[in-house]
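Taken from TrEMBL, the feature domain 'Fibronectin type-III' applies to 1-76, 81-181, 186-282, 286-380, 472-567, 571-666. What TrEMBL records for 382-464 is domain 'Ig-like'. The transmembrane segment annotation in TrEMBL covers 689-710. The region 'Disordered' annotation in TrEMBL covers 797-830. Marked as compositional bias 'Pro residues' by TrEMBL: 804-822.
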């Protein structure tokens with residue numbers, strides 16, 4: 001609204017336009033009665049420039065327009081909300097908010113920024129607001145990412161604009177979910193049931209709803225033979241959308257390990273604990289490697305190896321034989337215990353051929369028959385070995401017996417070679433009477449090739465066994481690949497490749513260098529690199545690893561010492577960090593450099609300069625925005641001590657500041673007082689000071705001696721010297737003050753003392769803060785005082801004059817002249 005004052009002739013037209021209009025096309029008129037000399041122009045737009053003029057009118061006609069008056073209406077808070085508010089998930093814990101500014105006619109001034117408020121959609125609590133400062137850069141003032149939100153949670157967001165006057169209306173509330181996370185708990189109550197020798201049913205319940213962090217898309221069932229569970233490639237995965245599934249085509253009579261996890265759009269959740277189920281038994285496969293050996297003219301020895309896949313527990317073996325050409329009804333059979341792997345058929349006919357085969361049985365039934373072998377008894381019995389070439393897998397520190405069952409008439413000679421060398425009995429290794437070789441408490445060194453050789457006059461035979469030792473793995477190698485501020489990547493590999501006992505995995509242990517909190521994680525054997533995450537920034541760590549297999553865990557690797565990147569906070573310059581007013585000091589915390597490690601907190605202390613005890617402002621200042629120390633005394637000097645902390649350590653800085661006067665002025669700098677650090681030398685030991693002082697003293701002493709020597713000489717004094725002396729004596733004593741205008745003695749003045757800084761020129765701004773530098777005094781003593789100090793307040797000139805009187809000289813008396821009166825200005829003593 002505008003009030004206009006004017007003189008009336010008859011009646012008036014008030015014309016007005018805004019800054020963008022013209023009188024001819026966009027001008028507006030308001031009629032005012034002739035007897036009114038004040039008029040109000042209403043319904044104008046805030047923060048708008050208007051031009052006004054008045055035209056007087058009477059019965060004759062209109063006058064010329066008055067001079068144009070230009071005014072700008074006052075600003076008001078924005079009258080419209082921001083437009084096109086959109087909210088979408090940026091990630092699991094962030095929302096991206098975008099909007100357009102209010103319509104221009106609703107700005108009512110220059111928009112300074114926006115207030116973005118958010119809260120849980122299910123909550124009635126007040127909004128939490130974040131401010132977005134106005135920026136003229138394109139696309140910069142119209143978006144905000146709200147962070148540190150809950151995962152997959154619905155939030156309500158509003159936006160309002162504000163200017164210098166106040167805040168405008170809020171936009172309509174918009175709701176959106178943060179992105180889905182991964183289930184934080186595994187499926188519950190996982191069970192498995194064996195249905196057949198090749199089928200298992202698995203069922204479970206969903207994870208707790210509060211831990212899902214999204215919408216479950218399905219489940220993954222990981223399964224594989226338990227003895228190969230360490231090998232990721234040996235596992236199979238089945239995906240299902242229900243909470244039950246059947247696993248088909250499994251190995252018969254095999255123990256299976258199973259795990260279940262739920263997954264969402266955000267990824268896979270936590271795996272359940274491993275459970276085990278064993279498939280049912282089935283009929284076994286046929287025995288392998290059947291052989292028949294002549295023992296005499298009436299007997300034959302038959303031997304075999306167990307089935308490759310027994311498909312259950314072998315309960316018995318059945319040996320079948322008959323004369324060649326006979327029908328199956330004439331077959332003879334003998335049932336043998338599962339531990340017996342040979343059979344001696346007696347009472348055979350000397351010249352007839354016989355056929356032999358063997359079957360194995362489980363509780364489920366009898367399996368397939370083995371291959372057939374043919375042989376007939378004989379009087380000549382050559383040396384033969386009933387045992388088979390075999391691979392023996394022995395466990396570390398256990399006993400093992402290598403078979404060498406021999407036949408032959410006459411009895412054959414049995415000889416063993418170990419790794420190509422003749423066998424020599426010792427306390428751990430000996431040959432048994434039937435020819436087998438017994439090794440007690442096997443070690444890794446026993447692994448290798450063992451050969452049994454038998455021989456008699458009719459023939460010879462050889463069998464070779466390969467002995468493999470299963471032992472805990474050798475210490476692995478661990479190498480550093482890379483580091484970040486919160487992670488370390490290491491490379492793992494076996495120091496010795498041992499296919500006998502595959503490595504099932506690694507355990508990686510790590511801890512901060514000066515901590516006893518050791519953390520251990522499991523790393524699969526297939527992983528060649530691993531990243532240790534969520535570590536402390538800028539900290540040293542000790543890392544080592546162990547490998548394990550089904551036998552046990554091996555020894556530790558060498559310790560890897562390394563550190564994450566980052567360092568302690570970096571102290572800022574005072575002009576960027578501290579801002580003073582008359583009763584408060586504002587600390588701009590963002591001026592500190594974080595050294596690469598996120599700031600944890602600040603500790604702020606302060607005191608008046610003359611006090612000794614520090615006052616705690618806060619010991620938990622959040623490292624965002626500003627911190628204000630309130631209720632300070634105007635025109636006073638304060639010391640500040642700030643400690644900044646991050647995971648790499650802490651940095652401490654001290655500052656000296658002066659609050660402003662009540663009128664906003666600065667106070668004069670204080671007198672400089674040199675300070676000594678804890679390790680500084682006292683003045684009397686500082687060579688930078690002692691050498692000049694001693695040199696000056698020596699020069700003064702020499703000068704005094706020379707003057708005294710000259711005075712002692714009785715040289716005649718010239719007349720003109722005496723006259724000059726009389727002339728000087730008649731003059732008033734020299735004075736610096738006489739060179740100034742009368743009455744100057746009553747003024748306050750200042751004469752800079754030697755080696756002091758000049759004070760600032762009156763009317764200039766003093767520095768109100770400076771950082772107090774700690775450390776050695778070499779730099780400070782060279783210049784006289786610490787760089788932050790300033791000279792003391794001014795004093796009267798006559799005080800300075802009394803401390804530094806003008807020099808005078810003393811003339812020797814003339815012969816016969818009276819001695820001069822003593823004077824306080826004498827420069828030499830009598």
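Note that Cβ sites are derived from N, Cα and C of the backbone, with glycine treated the same way.
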Contact check, the domain 'Fibronectin type-III' (186-282) vs the domain 'Fibronectin type-III' (472-567), 3+ Cβ pairs under 8 Å, seq sep 6+: yes
Cβ pairs under 8 Å between the domain 'Ig-like' (382-464) and the domain 'Fibronectin type-III' (81-181), at least three: no
Structural state census, the domain 'Fibronectin type-III' (186-282) (DSSP three-state): 9 helix, 46 strand, 42 coil
Segment confidence, the domain 'Fibronectin type-III' (81-181), expressed as mean pLDDT: 89
Residues of the domain 'Fibronectin type-III' (571-666) by DSSP state, where helix covers H, G and I: 7 helix, 49 strand, 40 coil
